[in-house]
């Protein structure tokens, strides 16, 4: 009854109005699993390839009809009549069907859509929530949300070089209360920015994009909003950064255009260490460029014992790159983005490798999202304890938070909010 009888790919729009892939997998028993694929703005050079049509007369070249065609023809033929419950075999067939190291022939967007839709169809067929189907009976940890409330970098049209300034409500007793805390700070920040004469338009991920001159200025506004909302920064709420340093790394220097300043590798490490000393920052993502391996080692040696250092562009959810980082002492955490690697099996393998090495894992969205809330279930399924899925605005972001609220309610007394235990520096 779990045999695949149909696979239907289609072109839909993401949160930026660009085309993306959606897939339905239909089973013999009538179960239908649906998955939509996200897309990034600041993408790592080593990510699996998102296949775009390149026809400038249609969606400015960003159409995904080639990927959809591969789903409806080649992938359907390869998986038709297979049992959907063998996720590992399905994903292996998809990888072999593509035949390239970076999934560039069929496209990681086509492969991921099918991989996730298969898992969702299987869960529906077994009448189980996705987090339970993937994670088993031990899946019960609700993640601490990393809420991106100030946007900069390529996610916003302002002078701030860092891409994201986030709050983490680690002191809340439950996920629902953490969400309330974040919402109250978000709305307080809006009022503070307005009062200071800044615009309160939001960026791709729902955070505000004020015209501020530096990271310090952004952090000061966030700190003020935390206090005025009635919370204690450093106790109830911690701060996190996504520097996205690859985006401003040029000719061996970190070029801060907003500040009209350049920093060497060592100066960049010391600058981040200084921010950690002056603000309650417990997590920094991509503090160094993706290929600045010496910089990553220097930063990890300098502050890795007191701050979570998350590799996104550095690792791109790839076990080979993660293994190299573990061997050489680079970073101490990995950002998990399903579309960076392209299949559910490979995603779960990266999480498992991180855990075994003592690294933390952070489940993450992309800046181009959809209403699909799969990553909320995967965060609980893997018990990773942290999720990064944007601000408290835009339905493509709140869809994930709302799904986590449902999961917490469903788990009831079994639910455990990760809180401070999610971060080794606080545990």
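Here the Cβ of each residue, glycine as well, is placed from N, Cα and C on the backbone.
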Q) Since Swiss-Prot lists 242, 285 for Mg(2+), which candidate among 204, 312, 313, 324 does it give for that site as well? A) 312
Q) Among 89, 92, 163, which residue does Swiss-Prot name as a further (2R)-2-phosphoglycerate binder in the site formed by 337, 366, 367, 388? A) 163
**Q.** Alpha-carbon distance [residue 163 ((2R)-2-phosphoglycerate binding site); residue 285 (Mg(2+) binding site)] in Å
**A.** 10
Q.
Other residues near the Mg(2+) site, CB within 8 A of the CB centroid of 242, 285, 312?
A. 163, 164, 241, 243, 244, 284, 286, 310, 313, 335, 388
Q: Mind telling me which of the binding-site residues 337, 366, 388 has the densest Cβ neighbourhood, counting other Cβ atoms within 10 Å?
A: 388
Q | Residue pair residue 337 ((2R)-2-phosphoglycerate binding site), residue 312 (Mg(2+) binding site) - Cα distance, angstrom, rounded | A | 8
Q. So for residue 205 (active site, proton donor), how many other CB atoms are inside 10 Å of its CB?
A. 31
